[in-house]
Amino acid sequence: MSGAVDTGVAIRTNRVTRTFIYLFLLLFALFYLLPLAVMLINSVKPLSEITGGNMMALPDVWTFEPWREAWSSAQIGVQPTGLRPYFINSILIVVPAVAISTIMGALNGYVLTKWRFRGDTILFGMLLFSCFIPFQIVLIPMARVLGMIGLAGSVPGLILVHVVYGLGFTTLYFRNYYSAFPTELVRAAQIDGAGIFRIFYRILLPLSGPIIVVTIIWQFTNIWNDFLFGSSFAGQASQPMTVALNNLVQSSTGVKAYNVHFAGAILAALPTLIVYIVSGRFFVRGLMAGSVKG
Amino acid sequence: MARPVQSDLRTRLQEWIPKIVLAPSVASMLIFVYGFIVFTGYLSFTNSRILPTFDLVGWHNYWRLFQLPTWTIAVQNLAIFASLYIAICIAIGLSLAIFLDQKIRGEGLLRPIFLYPMALSFIVTGTAWKWLLDPGIGIEHTLHLWGWESFHFGWIKSSSMAIYTVVIAAVWQSSGFVMAMFLAGLRGIDNEILKAAQMDGASNWNLYRRIIIPQLRPAFLSAFVILAHLAVKSYDLVIALTGGGPGRATELPATFMYSYTFTRNEMGVGAASAVIMLMTIAAIMIPYLYAELKEPK
């Protein structure tokens with residue numbers, strides 16, 4: 001890896017190296033694209049073309065029947081309802097859970113950075129650690145508590161679970177973001193007689209756009225993709241999309257309708273994929289904020 | 001006379017409001033996280049089976065846990081899975097980041113392609129790879145159709161190799177994210193230092209080996225911690241990809257905990273396994289978080 005020295009960029013590469021680099025990157029692009037491409041191609045084929053044919057070949061007969069079936073008539077559980085009701089469940093869980101945990105996280109982050117008090121660092125440390133616990137440690141008591149308060153197997157029960165275990169992350173995001181804000185601004189407003197909430201609404205919130213987007217994306221992705229809580233705490237009628245998809249794919253009765261499975265998998269992936277495509281930059285920033293301190 | 005009293009009340013209220021705002025979150029954390037940890041910890045010392053009981057049996061469940069062949073397999077599998085998953089993700093992530101950092105045309109197109117798997121749920125990832133790795137219909141079948149008749153790739157059906165298919169799918173899902181972490185680190189390195197070293201005759205290889213990669217230490221540490229904690233928590237992917245099989249070949253502590261607690265009616269043993277999982281993660285996370293929190297002061 002020797003290259004011509006230049007005044008511009010430090011690392012320079014010659015033609016052979018660059019060809020190798022491009023090949024390497026393209027090979028990995030194929031590796032990452034392959035599963036999704038295969039699922040897409042095969043979700044618009046009749047089943048006979050899948051079992052007998054080549055997974056890489058484009059369909060001879062294009063059909064959207066697998067999509068229709070996955071959405072509205074595939075057998076999941078007892079009824080042939082398709083994935084639609086579970087998709088709706090996921091939305092019913094995700095929207096309030098994201099909203100509540102984001103609002104609470106914003107207030108927590110604000111208080112933890114601008115209204116400090118004794119022990120707030122320890123409190124924050126405990127909150128931070130709670131983000132990383134393996135959820136297996138809370139499954140048994142959570143099942144008990146949901147039963148006791150009458151929310152077992154229900155959508156509100158799952159909302160509660162996701163809010164409770166999302167708070168650590170949302171607080172972390174807002175705390176890191178607000179800690180870069182000049183505290184003098186808050187003090188000045190305080191001297192002018194503004195109360196704690198007024199300062200929040202008038203000064204911090206209008207400048208919080210980016211971190212709100214990041215937090216919402218993070219929470220949306222995590223909750224939409226959750227499987228453990230969904231499979232542990234949901235009843236038949238409140239199952240989220242991931243659990244229903246798994247039931248559809250694992251169902252062992254009859255012939256495996258691969259094309260329907262693929263259409264279902266893409267349906268389950270679609271909301272987070274759309275979020276990723278629409279707001280890729282923020283999505284990455286969100287992932288990074290969850291791992292590296294902001 | 002009235003004013004000081006009023007303002008005194010106001011300041012006192014001002015002092016209390018922050019605590020009131022935090023109270024619901026703190027209470028929920030104390031109950032749902034730390035309270036529950038204590039509860040599960042307690043259950044691990046009881047003879048709970050299908051339902052929690054409160055009859056203490058000492059270390060019996062832990063003793064039993066370590067006698068169970070399934071648990072031994074799960075721990076061994078986790079060791080294989082975690083070490084390969086972490087090592088391969090870091091190797092691929094670092095390579096992609098270094099290569100992407102060479103003023104690559106089309107970087108804007110490649111980067112999102114490398115990263116999008118991270119947006120998918122492990123259930124979707126598992127569904128896709130389960131099929132690609134299925135010898136009768138996936139990659140093996142396709143290569144046969146393309147004329148490479150002798151190609152054989154049946155890992156997912158083999159009890160000694162199935163755990164490696166979990167590694168493949170997990171690496172596919174997470175390596176792009178590791179790439180993003182390293183890329184952010186690379187972009188933060190001062191070009192001037194590199195140019196100076198180059199004037200002194202350092203080759204690209206030496207620049208990376210001596211200057212750039214050592215400067216990526218924080219990115220290595222973060223990547224390791226995040227990947228290690230993801231590995232210990234891995235559950236969904238195994239369920240979707242192999243269901244723990246064939247036989248017990250891809251059982252991990254997370255799947256072990258679930259099945260012993262909820263389907264095999266051995267809640268005490270399940271609780272004990274959850275405690276072990278928590279301890280493992282705490283051993284990784286607490287020093288890391290401690291260092292992260294302490295630094296800025």
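Even glycines carry a Cβ here, placed using N, Cα and C.
Among the features that TrEMBL reports, transmembrane segment is placed at B:21-45 (among others).
Residues annotated as domain 'ABC transmembrane type-1' in TrEMBL: B:75-290.
Positions annotated as transmembrane segment by TrEMBL: B:78-101 (among others).
Under the heading transmembrane segment, TrEMBL lists B:113-132 (among others).
According to TrEMBL, the feature transmembrane segment maps to B:161-186 (among others). Sequence-remote contacts of a segment are chain residues at least 6 beyond its ends whose Cβ falls under 8 Å from one of its Cβ atoms, and for the transmembrane segment (B:161-186) they are 77, 80-81, 84-85, 88-90, 92-94, 96-98, 100-101, 111, 114-118, 120, 122, 125-126, 129, 133, 154-155, 212, 215-216, 218-219, 222-223, 227, 230-231, 234, 237-238, 241-242, 245-246, 249-250.
Marked as transmembrane segment by TrEMBL: B:267-291 (among others).
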Is it the case that the transmembrane segment (B:267-291) and the transmembrane segment (B:78-101) have 3 or more CB pairs under 8 Å, with pairs at least 6 apart in sequence? no
Using Cβ atoms and a strict cutoff of less than 8 Å, what residues sit near the transmembrane segment (B:113-132) while being 6 or more residues removed from its termini? 96, 138-139, 156, 165, 168-169, 172-177, 179-180, 234, 236-242
